[in-house]
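Below is one structure, written out as structure tokens; comments come after it.
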């Protein structure tokens, strides 16, 4: 174990992102649940206090203009854009991921046209995406077909209207091949909708480069926006004029304060807005995005892979053989930024890990999830997590 | 003017709600825009700081259980319930008003059954409600018919599936007759959906008493929840089992952490949830609701009517005859908690009022709106507002 600990110290010393950890509020816990709720950036409390005390408390209604509240959804979208490879003006922030999946999927079906009657959805998707996809299919009179992502190319046909896929599987941590799947969807004449919840902020996404049509994602995992911070919606440049939202609100009207009785959609990203944005959560997110200043997403990806490689090595060395099964793919091209391990007593194991200061999470029925957020998790954390895990597993 | 000012002082001295003003952060501005954004309750900043620094920053993911984040939508719904005359367990908080109108209206159409093909909507509604109603009609294959609220009883028929109405008109401040309109809708076999944005917190609503089927409302006006604080959804007790949401998310699943691929709706209020709730905005709202401790909504209504009566008297006395036209009905039974005045130069008048410390707002094309929030607006404020208004009108 001493060898692994020394190696961790060397890796931490060479880590170009090591100093970014100081931008967060952390303690002596090894926090490997940033793929569920990112840690608090240190400067966020002060910014939120200003929003509450001065912008709301003193300026009150004037803040809609003077504090930039009205334009926050687009402004913050433009902050997220470079992290997922999107040009400015293509992302708007607001609502939950679920609600944005609904907007995106109904809009996708409408773009695809009347003669395409089937929606494909990742069969292993996070439940909400599947429920919303079923609702979108029901309301638009389409059939929903669950398909494993790898089987999507074979499942595509002239009937396919839209395909809803996850970039990284929430449970296994498997990274799906966004460029080739997007190309296949496009070649079939269908519309691609990607859920980036478990990839944005952890690895390069390249939305514009790969020609993704529509995408959604949350901001409270690797983007550290805070509990339930608003989600975002991306619409490809060439499709913005055809984005026909099932949730047209006064915020997405071409002239919001004209109070017109007939809906006329705004141009560009604001077309994805609906109602009044939740300003406190939204401006906490805006502040949180400052931690990305000077951080290259490629460096984040490199560290993420090094961290998860190292964690797997440590687990292999420390834990009794066969005690846990690695669910996450070993190939870098198929791995997100989390490691999922399977063992029959996973729920109990995770409770004991948390009690000993190693926080991951448990997913039914038998999966331990460890999220590695390169902005604030180091190699010594990975070594300690593996060591404590091995201890807990040995007792169980 | 001295007589009116003396009368204001007498009325303020006799006001049983006068002390409630101290629960808010206010300055020497006469703030008559609480019908757009309520003032900041004084204890909210400290509570928000605790949510950010301790609940998010220290407890992190544990707060979903330990800080009660997960149950916040129902818990806060139960705090709003008595203010709108609802029993516990019938209101859930989350998402924007627009999104909740969508849930409610699609669910209403589904409750009404296949043979009812028409949705009636208040022709003078706030734009978003109309846009969302049009979308709900389009997605459910119904026809949307705009009707003035007073004409709803005549417009109802065996074709009517659902009726979307505003309790108080956002522009004119007119209070519609919720009990009789709800009864008429029910008698026709249709489902009623009420938008309470401009009435909740300003007057008794009596949702349960009057048999309202579904209702939605925002929380940032008379409920002082903060900019863009989450909206709420009410479903009548007897209808909860039949509430079939077009936005079924993992938060509304019977077993949210079971991660089931098939949607099975939760019982009761949680059925109206969708995705992860925006915790910062939501817990700011929860804190803000503390200002209602010991406040009777009947006392709020009595003061609201006295305030708006007094303001109208002052305007009549101070302003040149014919310079402004009162849009809001004089009859108490038809008045919400705002006064709308019409004059051709309303936009310019409001700019000058704001510059002189009287904050209302302007609505296209020619309406001045003055919202009277009885928790923190007094009679001296009403007198001063009318006096400054008369000065500004005399210059124009």
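Backbone N, Cα and C atoms are what each Cβ position is placed from, and that goes for glycine too.
Copied from TrEMBL, the annotated features are:
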BINDING   A:97, A:98, A:126, A:127, A:128, A:129, A:195, A:198, A:220, A:250, A:276  pyridoxal 5'-phosphate binding site
MOD_RES   A:221  N6-(pyridoxal phosphate)lysine
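DSSP assigns residue A:195 (pyridoxal 5'-phosphate binding site) to a strand. Candidate recorded positions A:128, A:195, A:220, A:221, A:276 yield A:128, A:220, A:276 as lying near chain B, with Cβ-Cβ distance under 8 angstroms. Listed binding-site residues: A:126, A:220. The one with the lowest count of other Cβ atoms within 10 Å of its Cβ is A:126. A coil conformation is recorded for residue A:221 (N6-(pyridoxal phosphate)lysine) in the three-state DSSP classification, outside any helix or strand. For the pyridoxal 5'-phosphate site listed in the record, the two most distant Cα atoms among A:97, A:98, A:126, A:127, A:128, A:129, A:195, A:198, A:220, A:250, A:276 lie 31 Å apart. Using a 10 Å Cβ-Cβ cutoff, residue A:221 (N6-(pyridoxal phosphate)lysine) registers 27 neighbours. A Cα-Cα distance of 15 Å separates residue A:126 (pyridoxal 5'-phosphate binding site) from residue A:221 (N6-(pyridoxal phosphate)lysine). Around residue A:195 (pyridoxal 5'-phosphate binding site), taking its Cβ as the centre, 27 other Cβ atoms fall within 10 Å, counting all chains.
The least crowded of the binding-site residues A:97, A:128, A:276, judged by other CB atoms within 10 A of its own CB, is A:276. Residue A:221 (N6-(pyridoxal phosphate)lysine) and residue A:276 (pyridoxal 5'-phosphate binding site) are 23 Å apart (CA-CA, integer value). Residue A:221 (N6-(pyridoxal phosphate)lysine) and residue A:195 (pyridoxal 5'-phosphate binding site) are 13 Å apart (CA-CA, integer value). Secondary structure from DSSP puts residue A:128 (pyridoxal 5'-phosphate binding site) in a helix.
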